[in-house]
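Inspection log for the structure reproduced underneath, given as C-alpha cells.
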Amino acid sequence: MTKKPFIISPFMPISTQISVDGPRSSALSAKINYESTAERLSIKESEGSESDSDEESAISDEEQAVPFLKSALHTVSALSSRQLLSISMLSLANLCSTIAFSCIAPFYPAEAKLKNLSETQTGIVFGIFEFTMFIISPLFGKYIIFIGARTMFIVGIAVTGVTAILFGFLNFLPSGNTFFWFSVLVRILEAVGDAAFVTSSFAIAAKSFPKNVAFVVGILETFAGLGYTAGPVIGGFFYDIGGFQLPFLVLGIVLLVASVLAFFLIENTKDDESNPEDKGMLEILRLPQIWLPIFSVVSCAISLSFLDPTLSNHLESFKLTPTEIGLMFLLCGGFYTVMCPVFGAIMDRLHNGENLLLFGSIATLLSMFFIGPTPLLNGYVEKDLWVIGISLAVLGLAASALYIPCFQMCLDEVK
C-alpha cells in the first residue's frame, strides 16, 4: 500500500499527524497514528464496532448530503452515555485551557502597573504562555505514545490547576523584577500543563471516536473558542467580587476537580507505535503554497493576542470596571466564535479560501485603524467607546475569515 502523506493541523496545539490522502471527509476523520478496530478504542463505539477501519473513517455521499443540524443530532443520539461524558470531559479541558490564558486580560495589566512593570514586561507575561505551548506541544505529541494519553491528560489538568492557584497569590510578592519573574515562571509551568492536556485531548478524541473525529474535534474547538471569548468576562467578574485571588482560585479548583473526574472517566488505552516512514512537518513545509495559509494563521493569532496586554490600558480613559472591560473582549471573541461555523460552511460549499483571506486581511486592517484610532485619522475620528466596540467586533469577524479556510487550503495543497 502506498504511504499516505501527513499534515500537522496549524489550528490546535498538537503535533500528532493527520492523514490527508483521499477525500476531505476521510482526511478529517482519519486516524492519528491510531488503529480504529473496536478492541483498541478507549470508549466503545455504540454502532458499527465490527466494521473495518476504512468503513469507520469514511463518510458516504448520502451522509454528506444530510443538513448539518440533522446530521449533528443523529451523531449525538448515536453516542452512548459514557461517550457523552467523555466528550464533556474533553470539552471542559479545552474550555479551561483558553480561560487559563485569557482570564487575566481585564485586570492583570492594572495590577502589573501597580507592581511597577513596564508594558513590555506585561506583554511578556501574556506572550510566554502561548510561546511555551508552541515549544512544548510538539514534544508532547512526539512522546505521547510513551507517556500515555490518559496519564498526560490527567497530570496536565492537575498541573494547570495548581499553577493557576499559585498565580493568584503573586500579588503578595514585592514589586518590580521579583513579581515579574515569578509571573513568568508560573505562566510557563501553567502553559506546560495546558499543552499536555490539550494535546492529549485531541489524541484521545481521535482514538476513541474514529467515525466522528471531525464532529468531536469541532466540539472541542468550539469550547476552546468559548473559553477565549468568556475568559476575560469570567476573570473580570470574579475580580470585581473577590479581588486578584478569586479568579485563579475558582479556575484552579475547577481544574483539580476535572482531573479527579478524568481519572474515572478516561480509560487506559494501548497507544500505537509511530511509523518511522510517516512524513511529518518538514515535508509539508517544503511546499511553497503552504506558506500563505501559515502566514494567515500567524497574522490571525497576532491580531487577536496583542490586545490582551494592551486593550485594558487603552480603555482606562473611559473608567470601565474589569467586568465591562471583559465585555469589550467579548465583542471580539464572541463574533469570532459565531462567525467560525459560518465561514466554515462558506468554505465547504464554495472552496474560495483565497477570497476569504483577502476579505479577512482588509477587515483586520480597517478594524486596527479604528481601535486606536491610528494617528493617520487624527482630526477625522476621535477615540470613542462605540467606535472601539464596533472595531473589535469587526476584528473578530475578520479573524475567523483569516483562520477557518487555512486547514482546508493546507489539505488541498498537500493532496
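Each residue, glycine too, has its Cβ placed from N, Cα and C.
Per TrEMBL, the features are:
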- 84-108: transmembrane segment (TRANSMEM)
- 86-415: domain 'Major facilitator superfamily (MFS) profile' (DOMAIN)
- 120-140: transmembrane segment (TRANSMEM)
- 152-173: transmembrane segment (TRANSMEM)
- 179-206: transmembrane segment (TRANSMEM)
- 213-238: transmembrane segment (TRANSMEM)
- 244-266: transmembrane segment (TRANSMEM)
- 287-307: transmembrane segment (TRANSMEM)
- 327-347: transmembrane segment (TRANSMEM)
- 356-373: transmembrane segment (TRANSMEM)
- 385-406: transmembrane segment (TRANSMEM)
Positions whose Cβ lies under 8 angstroms from the transmembrane segment (84-108), at least six residues beyond its ends: 42-43, 76, 122, 125-126, 129-130, 153, 157, 160, 164, 167, 190, 194, 197-198, 201, 204-205, 208, 216, 219-221, 223-228, 230-232, 234-236, 239, 244, 247-248, 251, 254-255, 258, 261-262, 265-266, 307-309, 311-312, 322-323, 325-326, 329, 333
Averaging pLDDT over all residues of the domain 'Major facilitator superfamily (MFS) profile' (86-415) gives 83
Residues from the same chain, set at least six apart from the ends of the transmembrane segment (356-373), whose C-beta lies under 8 A from its own: 292-293, 296, 299-300, 303, 314, 343, 346-347, 381-383, 387-388, 390-392, 394-395, 397-406
